[in-house]
Each structure stands twice: as C-alpha cells, then as structure tokens.
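These features come from Swiss-Prot:
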type: BINDING; residues: Cys46, Cys50, His51; note: heme 1 binding site
type: BINDING; residues: Cys95, Cys98, His99; note: heme 2 binding site
type: BINDING; residues: Cys142, Cys147, His148; note: heme 3 binding site
type: BINDING; residues: Cys176, Cys179, His180; note: heme 4 binding site
type: BINDING; residues: Cys190, Cys193, His194; note: heme 5 binding site
type: TRANSMEM; residues: 18-38; note: transmembrane segment
Amino acid sequence: MAEEPVVIGDPAPRTRKWPIVVGVVVVVLIAAGAGFWVWHEQPSFCAAICHTPMDEYLETYEQEAGTAGVDKWGNEVANTNAMLAVSHKAQGKDCMACHVPTLSEQMSEGMNWVTGNYVYPLEERDTEMLTEARGVDADEFCLNESCHNLTRDDLIKATSDMEFNPHQPQHGEIECSECHKAHRASVMYCTQCHSEAEVPEGWLTVAEANKLSTAA
C-alpha cells in the first residue's frame, strides 16, 4: 500500500510528557525526603534547627572522650567520660539513641521553640521524662538489648567491690539519671550522706553538683 503523503506544515504528533514530569518530581521529593531524614538523625541537625537552646548540648557531645572538657553551662569537667553524651558517642551512639522522637513530643517542642516558650539553658530531663511520651519504663530506657543488656541485679554485682555500692537499693531504688548525667558531670549520689564514698574520675559529689546547678 502506498504511504499517505505528509503535508508540510502539519504539526508533529504530540506526546504526553506529564507522566515523565510527575515521575521526576516524585523521585526528587523522595530523594530530598530521604536526605532530610538522614540529616534529621545527625547531631548537627539539633543545633541547626534549634540554634539557641541546642548549641551547648552539641558542643558537649562533640568533645573528645577521656580528656578535660566543659559541661553545658561552660563549667570545667576533669574527664569528659563523666558525661554520657561523650561516652555514648565513643560507643557509636548519637542523640537519637537516647532522645527517641514521637510525633506528639516533636510537635509540642516545635511549638515551644517557635513561640520562645522554654527556659534557657533547657530544663534537665531524667529518664522518666525521656520515656514518658513513649510509654516505656524508666529502667528500660537504659537497661535494654540495644544499650545496656543488664538487669538491676547484674549492676549490683558489677559494683559490689565498692564500699558504698551505688546500685544496692538499701535506701530505695533510684533512677539511673540520678547519678548518670548526659551533658554535665555525673554525680555520685551516695555522697549525699557518705562524704567518704568513692567518686569516679571526673564525677562530682552531690554538694559540688548542687553548687554548679545553683550558679547556672
């Protein structure tokens, strides 16, 4: 059969390009979202978005382990290992390992930041406050398979050679965060009554910690 003649000036057949455009936009959005999510889990994200209240916390996290440093208030710390932010970083943990976000918590904190409804430096949070939004027991915050795979009894045995065993609940069970601090030097709780209790390197007695907290 003879081919139909092409008339000069006729428009070329139109192709539908919108599926390609939509596909490209979707790919770009997915890539951008994935990149943002990765950045969201980095310590630098905290200070970049919430610059004012978070700078000091990022600075404590970024310090080298086992050296002299400073806490979130700028006070000298004899050994940065006394701050959980530093010792956890040395074990490959980042901010999100402890500060596990929930949508309701993030929305609330975001509104407080936008409106300026927060104290500065930020109010210290204990393990109960850190787990409240997730409905997790305070003990489970630290004692779990991905962090410290131990029980309370294991902890008692681990420090049984100390004259005043900080994990022995003879005066009632206390939260881990009563002694172990993230962005300031940890505190030997036993010194509240026993001034002769052994204080780990870089840690503070209760009296020393109270003095710094009051000054801040």
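Keep in mind that glycine also has a Cβ here, set from the backbone N, Cα and C atoms.
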*Sorted by position, what residues of the same chain at least six away from Cys179 (heme 4 binding site) have a C-beta under 8 A from it?*
Pro166, Ser186, Val187, Met188, Tyr189
_Spatial neighbours of Cys98 (heme 2 binding site), counting only the binding-site residues Cys142, His148, His180, Cys193 and Cα distances within 10 Å_ = Cys142
*asked:* I'd like the Cβ neighbour count for Cys190 (heme 5 binding site), meaning other Cβ atoms within 10 Å of its Cβ, all protein chains included.
replied: 22
_heme 5 site shell beyond Cys190, Cys193, His194, criterion: Cβ within 8 Å of Cβ centroid_ = Phe164, Tyr189, Thr191, Gln192, Ser195, Ala197
*Could you check which of these binding-site residues, His99, Cys176, Cys190, Cys193, His194, sit within 10 Å of Cys142 (heme 3 binding site), going Cα to Cα?*
Cys176
*Near His148 (heme 3 binding site), how many other Cβ atoms are within 10 Å of its Cβ?*
13
*Remaining residues near the recorded heme 4 site, that is with C-beta within 8 Å of the centroid of the site residues Cys176, Cys179, His180*: Cys142, Glu175, Ser177, Glu178, Lys181, Ser186
_Considering Cα atoms only, can you say which of Cys95, Cys147, His148, Cys176 is the nearest neighbour of His194 (heme 5 binding site) among these binding-site residues?_
Cys176
*Taking only the binding-site residues Cys95, His99, Cys147, His148, His180, which one has a CA atom nearest to the CA atom of Cys193 (heme 5 binding site)?*
His180
*In sequence order, what residues of the same chain, 6+ apart, have a Cβ less than 8 Å from the Cβ of His99 (heme 2 binding site)?*
Leu130
*Roughly how many angstrom lie between the C-alpha atoms of His180 (heme 4 binding site) and His148 (heme 3 binding site)?*
13
*What does DSSP say about Cys176 (heme 4 binding site): helix, strand or coil?*
helix
_Let me make sure I understand the structure: which of the binding-site residues listed (Cys95, Cys98, Cys147, Cys193) has the fewest other Cβ atoms within 10 A of its Cβ?_
Cys193
